[in-house]
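Before any comments, here is the structure.
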Amino acid sequence: MGTISLAVQLFIVFLLTSYLLNKYSTIRKQNPIVTISTFIGWYFSLIIVFVLPLDVAITFFHKCENDRQRILNTTTSTPAPVVPECELPGGYVPDDVLFNLWRVVYWSAQLLTWLILPLLQSYVTAGNFTILGKIRAAVINNALYYAIYSLCFLAILIYAMFKGVSINIENLKVIVVSASNTWGLFLLVVLLGHGLVELPRSLWHHGNRHYRLRKTYFDIEKLASEKSEAEENVKDIYKKVRVLFNSMKNDSNGQRRKVRTILSKFSDDVIDNLFPSRQVIDNAHLDESGPCSEAKLISLHKKTIYAVQTLNNATAQWKVLVDRALFLENLAFSESNGYNLELSRNTCVPIGVRRFWYTRLQTPFCRILGIVTVFMTFFVLFSECTFFVVSYTLSPAAFVTEYASTRFHYKYTQFVAFGIIVYLITSAYFTIFRLQIYKYYHLDPNGHTDENSILFSAILLCRLTPPICLNFLGMIHMDSHISMAKSFGIETQFTKLMGHLDVIPILAKGINIYLPICIILLCAIHYYRVGAYVLHNIGFDQFVEADEMTNDMINSGRSLVQIERNSIKRSNDRSQRTQNWTNSFGSSNAGNGSTTSKFKRSNKNDEERPMLEDDDEEVEESSTRISMMSPTEHPSSSGFFDDM
């Protein structure tokens, strides 16, 4: 029965991973190897939500059995005392099954994060034209990183030898695992320092529509320059490639075929948007260095891939931000003027339910959820700062887990562990899914994420999987090599797999001191937004309240949204006039001559009506037709918190 329960939980994680991967990427357009590798990385990083609490509950069960057996062996009274039987926790599986599952999860994650995913990342961005050439380029690009990793491992190995550690196969494995997990722990500290603060803050601000609208205006203005720069870059590269292609009409070396491959990276939609007339003005000239070499074509191909990805990301973000601003404006207008918010019917959720959510429930729900996450943040922070104190149980996470096992039943520790690990994972992964690295990494929740970004996210998630488990077990005093607690007696299957982190003394003793200090320091930096103010003062655009530059960008963003609204309105009016003309023309062909003449007079009057008169009437009717001027659906209707 326990195996079936575990299989059901693994299937739930499978469905969740499939949903997230389909939400953030376009599976049909991706390389199948990229999709499969990313899916495995995401799956193994989410599987710990169910497997780790089960491991904790089974460990408490083994502790109960050991205590019961010790009581039976040490008692001398007759008759023997009645010792209650230890009840199996829900979803119990044998230790060897759990141990082998952890082995698959851990080593698969390590193989993906250190070898497969970095090579795939370089492979998809390589400019070579053959598979073998891309593989060679990927190996060369990663050679420097592997050399740095080798030097770090050599330094740790020399340090271990000076400390008297015997160098054998088992200790070498432990040293590699310890170094990898230590790097992952510090990465986890950085992500938690951001996520533990920004997750409650984002939920709180999500309930403030005025703040969200101003922030959206700011983001639109900030993105406008990046989008314009990306468009100009794509234009220049396309002109160069087109000139190069036209100059190779008599090519006999196969170079023209490679240039055609580069041209195929520019989709028809991109060309139509950048060159509406389909006429490329030749402002670029080939270099005077002779015929184009293979290296130049590879470099041009790589630049093309990078430029097109940058433009696609900017265009996708632009559409999402504009749709969000239009929706928030419509929502504010409907509330201030008493009109019902018009929503589309393209979802299975009834319109009345969605309207009630947006107008009545969203704000208080987000505020309450923000308060709950603030409490959980303090809970986690206090646990991080006190988990190494074992003389008294000061860690709230350890106290709650121990209280649930002694006061109620140890099987309830599975639910307590599930709640704590879910918030830890949410805080850390929240940062990964919101992180934006300039023109390199961005996860778009509308399926426009490029292959490089989706692979980089899988690298981060795989690298965080073991450290999150170690950190959680240390918080609840179930990892003696982290919390220095020696009295529990039973270790989890995950700890048995990991080996001893205290083989290298500096890794074992320093982690209890530096990890809490770093988390508190980073949380304070993010709470007071020190980084944002520093970047703002040196010239980078940052959203700072009550700042003149920020207000100017908000006003500029509002103007851009108004331009987009007018463009949508004109497009809708044009489509409506075309539809009316088509319907009238069809009815005139089916009717008599009088109907035809009536249509002509009506059509003539419509065509000859002055444009200013149309504008005046549109202004008068704009307040009652706001739903026709912009999208009538929230831009992320599939998830309420996608635009956090």
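Residue positions begin at 1 at the first shown residue.
Placed from the backbone N, Cα and C atoms, the Cβ positions cover glycine too.
Within its own chain, the coiled coil (219-242) is flanked in space by residues 259, 262-263, 266, 270-271, 274-275, 280-284, 300, 303-304, 307-308, 310-311, 314-315, 317-318, 321-322, 325, 541, 543, 553-554, 556-557, 560-561, which lie at least six positions past its ends and keep a Cβ under 8 Å from the stretch. The coiled coil feature in Swiss-Prot is assigned to 219-242.
Residues or ranges marked as compositional bias 'Basic and acidic residues' in Swiss-Prot: 567-576 (among others).
What Swiss-Prot records for 582-597 is compositional bias 'Low complexity'.
What Swiss-Prot records for 603-612 (among others) is compositional bias 'Basic and acidic residues'.
The compositional bias 'Polar residues' annotation in Swiss-Prot covers 624-644.
Among the features that Swiss-Prot reports, N-linked glycosylation site is placed at ASN73. In this chain, none of the residues that are 6 or more apart from ASN73 (N-linked glycosylation site) has a CB less than 8 Å from its CB.
What Swiss-Prot lists as region 'Disordered' is 567-644.
Residues of the same chain lying 6 or more positions beyond the ends of the topological domain 'Cytoplasmic' (27-31) and with a Cβ under 8 Å from any Cβ of it are 21, 124, 451, 454. For 27-31 (among others), the entry in Swiss-Prot reads topological domain 'Cytoplasmic', with the evidence type sequence analysis.
Residues or ranges marked as topological domain 'Extracellular' in Swiss-Prot: 53-103 (among others).
Feature annotation from Swiss-Prot assigns topological domain 'Cytoplasmic' to 125-141 (among others). Mean pLDDT of the predicted structure over the topological domain 'Cytoplasmic' (125-141): 87.
As annotated by Swiss-Prot, topological domain 'Extracellular' applies to 163-173 (among others).
If you look up Swiss-Prot, you'll see 195-367 (among others) marked as topological domain 'Cytoplasmic', on the strength of sequence analysis.
Sequence-distant contacts of the topological domain 'Extracellular' (389-412) (same chain, at least 6 residues past either end, Cβ-Cβ under 8 Å): 56-57, 60-61, 63-64, 87, 89-90, 379-380, 382-383, 420, 472, 475-477, 483-485, 487. Residues annotated as topological domain 'Extracellular' in Swiss-Prot, with sequence analysis given as evidence: 389-412 (among others).
Counting same-chain residues at least six beyond the ends of the topological domain 'Cytoplasmic' (434-453), those with a Cβ under 8 angstroms from any Cβ of the stretch are 22-26, 30-31, 34, 121, 124-125, 198, 306, 309-310, 312-313, 315-317, 319-320, 635-636, 639, 642, 644. According to Swiss-Prot, the feature topological domain 'Cytoplasmic' maps to 434-453 (among others), an assignment based on sequence analysis.
The topological domain 'Extracellular' annotation in Swiss-Prot covers 475-502 (among others).
Annotation comment: Swiss-Prot describes 524-644 (among others) as topological domain 'Cytoplasmic', evidence class sequence analysis.
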Counting only residues at least 6 beyond its ends, the same-chain positions whose CB falls under 8 A of a CB in the transmembrane segment (174-194) are 110, 114, 152-153, 156-157, 160, 165, 380, 424, 427-428, 431-432, 460, 463-464, 466-468, 470-471, 498-501, 503-504, 507, 511, 515, 518-519, 521-523, 525-526
Below 8 angstroms Cβ to Cβ, which residues of this chain, lying six or more residues outside the transmembrane segment (104-124), approach it?
31, 33-34, 37, 40-41, 44-45, 47-48, 51, 134-135, 137-139, 141-142, 145, 149, 180, 451-452, 455-456, 458-459, 462-463, 465-466, 497-498
Can you name the far-off residues of the same chain, 6+ from the ends of the transmembrane segment (32-52), with a Cβ under 8 Å from a Cβ of it?
6, 9-10, 12-14, 16-18, 20-21, 25, 98, 101-102, 105, 108-109, 112-113, 116-117, 120, 124, 417-418, 421-422, 425, 429, 451, 454-455, 457-459, 461-462, 464-465, 468-469, 472-473, 494
In DSSP terms, the topological domain 'Extracellular' (163-173) comprises 5 helix, 0 strand, 6 coil
